[in-house]
Amino acid sequence: MKKGKADPCNYLFRRARVIDPARDLDAVADVLVVDGILTDIKPNIDLPSDRLAHFAVIDASEKWIVPGLIDMHVHLREPGEEYKETIATGTMAAVAGGYTAVACMPNTKPVNDCAAVTEYILERAREQGHCRVLPVGAVSSGLEGRSLAEFGELKGSGAVAVTDDGRPVANSMLMRRALEYAKNFDLPVISHAEDPALSEGGLMNEGPTSTLLGLHGIPKAAEEVMVARDLALAELTGARLHIAHVSTAGAVRMIGEAKSRGVPVTAETAPHYFTLTDDRLMTFDTLYKVNPPIRGPADVEAIKRGLADGTIDAVATDHAPHSSIEKDTEFEYAANGIIGLESALPLILELVREKTLTPSQAVAKVSCNPARILGLPLGTLLLNQRACMTYLDPEFYFVLDCTTFRSKSRNCPFHGQPTRGRALMTFFNGKVAFSRLSK
């Protein structure tokens, strides 16, 4: 990188591969950022030498510039569990991973089921956040599954969706009412698809490995029964339904069939569901304990097919920080969850290297598709606006080392894994929020 007398946030990227699926753009181009404003994208940008002296000129050959990534499913733990993560540390982890927006789940303490908590989260994000924070409100008051939260109040204060994530809405009538109510406010309802009667006491995927280990399993039906119910309710109400963390082949099939009938449903999965299989638990390593559980090889392949054919719209991390005490204990008592903000990008790019996804498809899963699902004008490169983009090297080789993560927690099962693909710079709101480039 040629720095010279560059002014703050003046950058000229030369010969970058610019991928913006929302604009159907995938081309080699120069990219100009002037005073933090994304000013131009075209094959060759010539600046007079006296003006060029005020820019950092970066040879971006073989690198990508993409819209700032969006993770539509994270747990920032604030308020109430700041020993696991805070808005400050979680959003720093996000920009280190290439993300410029994160949607945070409502299972905080107190639960985000009212305007006061939503407003608190947004205020903390303004004060200490490093990227955009998108609060998701609760479906039910206190996540108790008894009565609906005030969706209008939640949306009015800044919530972008509603969910009881971390637990299902077990009462079918309440879920129906939630979909009908949310439709009035054009809010998607995010379903944590789990039948609690079928999953009760389960510690991992039900199958040969759970039998061998003597661990109580969670059958695929625990997810699929609830997916089927919620698809039926979405079809009945015409409301927008989003299925979170899809993990089974049966769920992929049902979602695909529902889409073909015109049901207004979208879906996400997480990197661990297309990367890991349940035999990883043979060592009883609690880093692999997550809900829904890591499944078998056939499910992994089905998830990949669902991503490729568009059945699964988005990849979200389900970033779920936990303290070492909560993970370093007997398997039965260990908390469920994996952090993912700083490990997701190389795992997603592996789908490109193995030709499951094209580069444009992969970028869409973490940019314009989540933005579309949440109904937000994000996930695209907007000219003459404050730069919100990610500069990445898809072939950057490194070993994932959770001891260097910006997240407060270390529960990452990919620690020590050699991998490729990393964010080099993350621009948010016209500023460099994170950079790995030398000064």
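Any Cβ shown, glycine's included, is placed from N, Cα and C.
Taken verbatim from Swiss-Prot:
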ACT_SITE  Asp318  active site
BINDING   His73, His75, Asp165, Asp318  Zn(2+) 1 binding site
BINDING   His75, Leu76, Arg77, Asn107, Asn291, His322  substrate binding site
BINDING   Asp165, His192, His245  Zn(2+) 2 binding site
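Where Swiss-Prot records a feature, it is marked here on the structure.
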residue : record                 : DSSP class
His73   : Zn(2+) 1 binding site  : strand
Asn107  : substrate binding site : coil
Asp165  : Zn(2+) 1 binding site  : coil
His192  : Zn(2+) 2 binding site  : coil
His245  : Zn(2+) 2 binding site  : coil
Asp318  : active site            : coil
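Counting other Cβ atoms within 10 Å of each Cβ, the binding-site residues His73, His75, His192, His245, His322 show the lowest value at His192. On a Cα basis, Asp165 (Zn(2+) 1 binding site) lies 13 Å away from Leu76 (substrate binding site). In this structure, the CA atom of His245 (Zn(2+) 2 binding site) is 7 Å away from the CA atom of Asp318 (active site).
Highest Cβ count within 10 Å among the binding-site residues Leu76, Asn107, Asn291: Leu76. Taking only the Cα positions, the spacing between Asp165 (Zn(2+) 1 binding site) and Asn107 (substrate binding site) is 7 angstrom. Across the structure, Asn291 (substrate binding site) and His192 (Zn(2+) 2 binding site) are spaced 10 Å apart at their Cα atoms. Taking Asn107, His192, Asp318, His322 as the recorded positions under consideration, the smallest Cα distance to His73 (Zn(2+) 1 binding site) is found for Asp318.
Same-chain residues that are not part of Asp165, His192, His245 yet have a Cβ within 8 Å of the Cβ center of the Zn(2+) 2 site turn out to be His73, Met105, Thr163, Gly166, Ile190, Ser191, Ala193, Glu194, Ala244, Asp318.
The Cβ of Asp318 (active site) has 27 other Cβ atoms within 10 Å, all protein chains considered. Neighbours of Arg77 (substrate binding site), defined as other CB atoms within 10 A of its CB across all chains, total 26.
Within 10 Å (C-alpha to C-alpha) of His75 (Zn(2+) 1 binding site) lie the following recorded positions from Asn107, His192, Asp318: Asn107, Asp318. A coil conformation is recorded for Asn291 (substrate binding site) in the three-state DSSP classification, outside any helix or strand. Rounded to a whole value, the Cα-Cα separation of His192 (Zn(2+) 2 binding site) and the residue listed as 'active site' is 11 Å. For the pair formed by Asn107 (substrate binding site) and Asp318 (active site), distance between Cα atoms is given as 13 Å, rounded to the nearest Å.
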